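Peer 1: Let me give you the structure first, and then I'll get to my questions.
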Amino acid sequence: MIVNEQLAIDHGLKKDEYKKICDLLKRIPNITELGIFSAMWNEHCSYKSSRFHLKNLPTKGKNVIQGPGENAGVIDIGDNDAIVFKIESHNHPSFIEPYQGAATGVGGIMRDVFTMGARPIANLNSIHFGSPQHKKTKNLLRGVVHGIGGYGNCMGVPTIAGQTSFDESYNGNILVNAMTLGHVKKDKIFYSKAAGLGKPVIYVGSKTGRDGIHGASMASASFDDKIEEKKPTVQVGDPFTEKLLLEACLELMAGDSIIAIQDMGAAGLTSSSIEMASKGNLGIEINLNKVPCREAKMTPYEIMLSESQERMLIVLENGKEEMAKKIFDKWNLDFAVIGKTTKSKKIELYFDEEKVADIPVNTLVENSPMYNRKWKKAKLPKKIKIEKEQFKTLKVQNVLNKILSNPNVCSKEWIWQQYDHTVMGDTIQKPGGDAGVVRVHGTNKAVAASVDSSAVYCWAHPLSGGKQIVCESWRNLISVGAKPIAITNCLNFGSPENEENMGEFVECVQGLGEASSYLDFPVVSGNVSFYNQTKDIGIKPTPSIGGVGLIKDYKNMVTMGLKASDNIILVIGKTEGHLDQSLFARDILNEKNGPPPEINLFNEKNNGDTILKLIDKKFIKSAHDVSLGGIITALSKMCIKGKKGVTLKKPNYLINQFEYLFSEDQGRYIIEISIEDLENVTKILQENSVHFDELGTVNDDNLIIDDKTKVSIDDLIKSHTTWLINYMGN
Amino acid sequence: MHSSVITFPGSNCDRDVDVALKKFGFKNKMVWHDDVELPKSDLVVLPGGFSYGDYLRCGSMASKSKIMKSVLNFAQGGGKVMGICNGFQILVESGLLPGVLLRNKYLEFICKNVFVKVNNKDNSYFKDDKKDIYEFHIAHNEGNYFCSNEQIKEINDNNQIALFYSDENGNINEQSNPNGSLQNIAGVFNKQKNVLGMMPHPERMIDPALSGEDGSIFFENLINNLK
Amino acid sequence: MKISVVITLKKDVLDPQGKVIHQTLDGMGFEDINEVRQGKYFEIDTKENDKKKAEAKVDEMCKKLLTNLVIEDFKIIGSQ
Amino acid sequence: MKISVVITLKKDVLDPQGKVIHQTLDGMGFEDINEVRQGKYFEIDTKENDKKKAEAKVDEMCKKLLTNLVIEDFKIIGSQ
Ligand SMILES: Nc1ncnc2c1ncn2[C@@H]1O[C@H](COP(=O)(O)OP(=O)(O)O)[C@@H](O)[C@H]1O
Ligand SMILES: [Mg+2]
């Protein structure tokens with residue numbers, strides 16, 4: 001095949017990028033080389049539009065062992081234990097084939113984690129669908145949930161938390177973000193940096209097929225009318241093989257024969273071999289005839305670009321091949337020595353005795369394009385003057401019912417009941433709480449994790465939205481009694497070539513960075529997914545934040561269910577009545593404009609730290625952060641979980657009742673304490689200058705909001721649980 | 001008491017049940033599916049998980065593995081064999097237990113706590129049980145017990161039903177049937193009652209921090225009965 | 001040669017999946033369906049080139065592994 | 001009439017189930033198998049009695065619901 005500019009463009013490269021390739025090579029690349037460049041230089045692998053901005057994120061901290069740049073981030077949780085975690089998107093494939101797309105997304109992120117030597121101990125997911133009324137939504141949701149469960153359940157890794165939202169901006173481009181946490185001993189972490197010359201390069205796992213060729217390029221293109229043509233790039237997941245691969249890799253890792261290991265993810269053998277060579281500052285030579293292939297007559301181009309799943313690349317110590325092969329034989333997996341490390345600093349490929357590619361590694365990595373794209377700054381929208389007259393026509397109980405049954409608030413039990421969340425025997429907080437919590441096997445420690453996003457806030461004002469979402473993640477961890485340690489992020493945006501979408505990206509990242517820096521909640525891993533759009537319209541900017549925290553003694557974990565009657569309920573943090581962009585404003589008043597609630601990082605940190613102190617002293621019986629739907633929504637969920645009611649006090653506030661109950665001011669928590677502790681708790685809160693209000697008292701059976709409004713627990717449960725079940729049921 | 005837990009490719013509750021058995025006093029050994037001989041055991045456990053990915057039919061391929069010949073002999077000689085979840089499916093596929101486990105009626109994987117009522121205490125698994133109704137955990141996609149009319153008659157005539165899905169008061173009805181199982185069957189014995197298969201996972205409920213503690217009661221009783 | 005086999009659920013075994021597909025199709029406007037039954041299909045490519053022998057082998061595979069005769073029937077539907 | 005359809009994975013698409021079944025059969029002594037591919041089988045019983053029309057309907061059902069043409073092909077294999 002003749003390589004020319006047009007062919008390069010068909011591979012998703014830009015004209016000047018093609019010229020740059022020719023200049024770097026000082027010749028025209030052959031077809032295999034062009035394929036390799038297109039895979040390495042696309043957005044998905046090269047981060048060419050995002051690198052410039054991502055480098056400003058705070059990535060260091062006293063608990064960070066490994067920040068971004070490896071397969072996953074690693075944090076220290078003491079006693080030689082470390083947690084490896086990362087989140088990743090699989091948006092485009094999931095829209096085309098929801099089951100397999102979501103399944104392979106889960107498979108991919110788990111490989112990222114066990115490549116580093118960690119046994120996966122928990123999965124999370126953040127999934128976003130179009131409007132429930134859209135004709136595709138129901139099937140996409142069902143397919144995605146079945147896919148996530150299908151893969152994770154088979155692997156025997158509990159899915160402990162997640163997030164599900166619906167918004168019409170995802171009608172033509174759903175989001176599927178999967179996150180995995182793994183546990184590893186600090187002195188047994190594996191990296192992808194190759195070292196040493198003449199070391200054998202080993203291929204293990206499944207055979208290479210023609211699946212997913214150019215998957216990485218697809219992830220970097222937007223959906224248009226030609227979507228059909230992009231179809232063959234979807235892969236079929238094989239969780240059984242991955243389970244074997246996990247066990248085989250961990251078995252090999254128990255010894256000391258591995259120099260470097262890297263999973264084959266996007267752009268398969270290409271990116272894995274090049275990354276290992278690049279990090280080790282050396283070359284790799286591969287004989288492609290040695291690669292185990294599923295189909296006859298696969299070309300070098302196909303072998304290099306295949307995205308077949310469940311494969312790994314390993315650089316081994318010399319002489320360990322036989323021993324390693326025995327392990328993979330035992331697990332019935334392919335094992336092949338396919339090449340060796342060299343000092344050439346080039347990637348050199350041979351096929352049928354011919355050299356089919358010869359590319360200096362640095363041209364693919366360091367010299368890959370980086371763009372500081374044009375972007376537009378977003379103005380803070382003007383505050384909306386909400387006519388309080390209209391509140392008079394509203395009844396609190398009806399509004400509450402509507403909000404509790406809103407698709408974005410209602411119980412997601414229909415989803416998480418399909419995920420095995422108890423396998424491995426260490427799940428101590430199941431989905432349905434503020435964060436999922438698993439014990440570190442055989443210890444008293446537990447790890448909490450939560451995944452969050454608030455696209456509406458980010459859309460209204462990306463800078464505030466970016467900050468808010470980090471804070472929400474922080475709060476979810478605090479609410480279960482965990483000390484927040486670090487985050488991973490999956491940045492789902494529209495086209496970086498569109499100035500507005502790019503602006504959303506830049507400012508969300510800025511906000512995210514500010515908040516994580518202030519809260520000492522660094523970013524240790526992440527993933528960028530651009531081109532989430534249909535035709536020219538991008539999705540609402542949707543950064544998903546996966547937060548991880550530590551509970552030193554799992555017995556101190558806190559849950560949100562109310563515990564005992566006569567206990568006192570406090571709201572921590574100030575309620576100012578901010579309704580713009582709240583669920584109340586959008587869903588009840590149909591008002592979609594205005595700024596999102598403001599973030600005050602000082603209060604955020606102070607409130608969170610103080611709550612942790614109270615938890616430490618065992619004052620807190622239950623806790624829940626206040627988010628979507630305001631105080632009364634949060635309180636309702638606590639009632640539902642604990643099967644208890646609350647009698648609200650009349651607030652000594654000047655704001656309107658609806659503002660009091662439904663506003664979405666940030667930095668707030670609801671906590672339950674016993675009367676005897678009230679004085680001590682008050683003292684601690686005052687000493688730490690934390691604003692709080694007494695909200696009410698726990699009772700046995702009703703949420704009593706005012707003289708006229710009394711809602712039974714059963715009614716709350718009904719409002720909260722029926723929508724999704726009914727929706728999926730017919 | 002010596003127990004053995006068999007690991008098939010794709011088993012994923014093997015560690016969980018190992019932890020549980022040890023916690024309640026068993027000396028447990030892990031046995032690889034490709035081994036020929038079972039170690040000396042008072043109890044053999046086929047754990048939950050997805051042996052061979054649950055491909056073809058759950059348990060079908062594991063039932064053909066090498067170790068199963070030994071398990072078969074062991075069981076035929078009166079040895080105690082217990083299959084949990086996927087282990088139950090393997091026992092059914094290998095012919096040690098009657099019937100078959102079909103896909104859940106509502107076509108969805110179910111992970112939750114359920115109540116089960118013990119039907120037959122005249123065996124080493126449930127003898128002297130303090131409880132009639134356990135709260136156990138289920139996590140499966142194919143737990144819908146089914147068998148032919150003749151078989152179900154035989155099963156009932158021989159008192160082979162071990163556990164029924166029930167509500168917390170022991171009522172056995174459609175509402176308390178999570179997966180469509182025939183007659184709410186959650187577990188069955190072979191004729192001799194030395195082989196037990198059940199869908200629920202008692203090993204997931206052995207600690208107050210987990211979904212519950214009824215599993216502890218089950219295991220404590222089990223080891224006492226085997227002594 | 002390549003032998004094709006179809007495995008179907010016995011008549012009296014409930015096929016919830018077929019039922020759901022039926023309902024879904026119905027909802028999509030395919031209203032004159034009486035019943036949908038789902039089964040499995042296998043293509044087994046063997047080195048055996050004698051049709052009779054190949055089919056006999058596959059028959060044996062079906063009995064020993066591919067079907068559970070408590071609930072399923074099988075039928076060889078083609079050989080080439 | 002009753003239409004039978006077979007749905008198979010496209011040629012280049014991985015068939016994890018087929019692979020494992022192949023290995024298992026091999027281990028059971030069926031050693032001369034080249035490949036096993038697993039697919040789905042549907043019997044759709046419709047009120048339509050005109051063969052052409054019935055098949056056309058089923059063709060439409062396959063395209064709209066039963067298959068995902070990204071990874072699967074379908075074939076009507078019988079009508080009676
Ligand atoms: N896709 C999902 N997978 C697993 N758990 C989920 C999923 N979606 C929602 N959940 C769970 O449902 C609960 C409610 O979610 P959400 O409304 O986002 O919580 P909150 O706003 O209270 O933090 C959480 O415990 C969450 O973990
Ligand atoms: Mg929360």
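For all residues, glycine too, the Cβ spot is worked out from N, Cα and C.
Among the features that TrEMBL reports, active site, proton acceptor is placed at A:HIS90. According to TrEMBL, the feature ATP binding site maps to A:TYR47, A:LYS86, A:ASN489, A:GLY526. Annotation comment: TrEMBL describes A:GLU88, A:ASN527 as Mg(2+) 1 binding site. Here TrEMBL flags A:ASP112, A:ASP263 as Mg(2+) 2 binding site. TrEMBL lists A:6-48 with the feature domain 'Phosphoribosylformylglycinamidine synthase linker'. Feature annotation from TrEMBL assigns domain 'PurM-like N-terminal' to A:69-184, A:432-551. TrEMBL lists A:198-350, A:568-702 with the feature domain 'PurM-like C-terminal'.
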Peer 1: Please give me the recorded positions out of A:HIS90, A:ASP112, A:ASP263 that lie within 10 Å of A:GLY526 (ATP binding site), comparing Cα atoms only.
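Peer 2: Within 10 Å Cα-Cα: none.
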Peer 1: Can you tell me which of the recorded positions A:GLU88, A:HIS90, A:ASP112, A:ASN527 is spatially closest to A:TYR47 (ATP binding site)? Compare CA atoms only.
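Peer 2: Going through A:GLU88, A:HIS90, A:ASP112, A:ASN527 one by one, the Cα closest to that of A:TYR47 (ATP binding site) is A:ASN527.
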Peer 1: Are the domain 'PurM-like C-terminal' (A:568-702) and the domain 'PurM-like N-terminal' (A:69-184) close enough that 3 or more Cβ pairs fall under 8 Å, when only pairs 6 or more apart in sequence count?
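Peer 2: These two segments do not touch.
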Peer 1: Counting Cβ atoms within 10 Å of each candidate's own Cβ, which of the binding-site residues A:ASN489, A:ASN527 comes out highest?
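Peer 2: Result of the Cβ crowding comparison: A:ASN489.
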Peer 1: Within the chain of A:GLU88 (Mg(2+) 1 binding site), which residues six or more apart in sequence place their C-beta under 8 angstroms from its C-beta?
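Peer 2: Within the chain, A:GLU88 (Mg(2+) 1 binding site) has Cβ neighbours under 8 Å at A:GLY105, A:GLY108, A:ILE109, A:ASP112, A:ASN177, A:ALA178, A:MET179, A:CYS490, A:ASN527.
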Peer 1: Using DSSP and collapsing to three states, where does A:TYR47 (ATP binding site) fall: helix, strand or coil?
Peer 2: coil
Peer 1: Starting from the Cβ centroid of A:TYR47, A:LYS86, A:ASN489, A:GLY526, which together make up the recorded ATP site, report each further residue of the same chain whose Cβ lies within 8 Å of that point, ordered by sequence.
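Peer 2: Filtered neighbour residues, in order: A:LEU54, A:PRO68, A:ILE87, A:GLU88, A:THR488, A:CYS490, A:LEU491, A:VAL523, A:SER525, A:ASN527, A:VAL528.
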Peer 1: When DSSP is mapped onto helix/strand/coil, what comes out for A:ASN489 (ATP binding site)?
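Peer 2: A:ASN489 (ATP binding site) sits in a strand per DSSP.
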Peer 1: Among all protein chains shown, how many Cβ atoms are found within 10 Å of the Cβ of A:HIS90 (active site, proton acceptor), not counting that one?
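Peer 2: Total other Cβ atoms inside 10 Å, all chains included: 29.
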Peer 1: Rounded to whole angstrom, what's the largest C-alpha distance between any two of A:TYR47, A:LYS86, A:ASN489, A:GLY526, listed as binding ATP?
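Peer 2: The two farthest binding residues have Cα atoms 17 Å apart.
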Peer 1: Could you tell me the C-alpha distance between A:LYS86 (ATP binding site) and A:ASP263 (Mg(2+) 2 binding site) in angstrom, no decimals?
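Peer 2: For A:LYS86 (ATP binding site) versus A:ASP263 (Mg(2+) 2 binding site), the Cα atoms are 14 Å apart.
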Peer 1: Which of the three DSSP-derived classes (helix, strand, coil) applies to A:HIS90 (active site, proton acceptor)?
Peer 2: coil
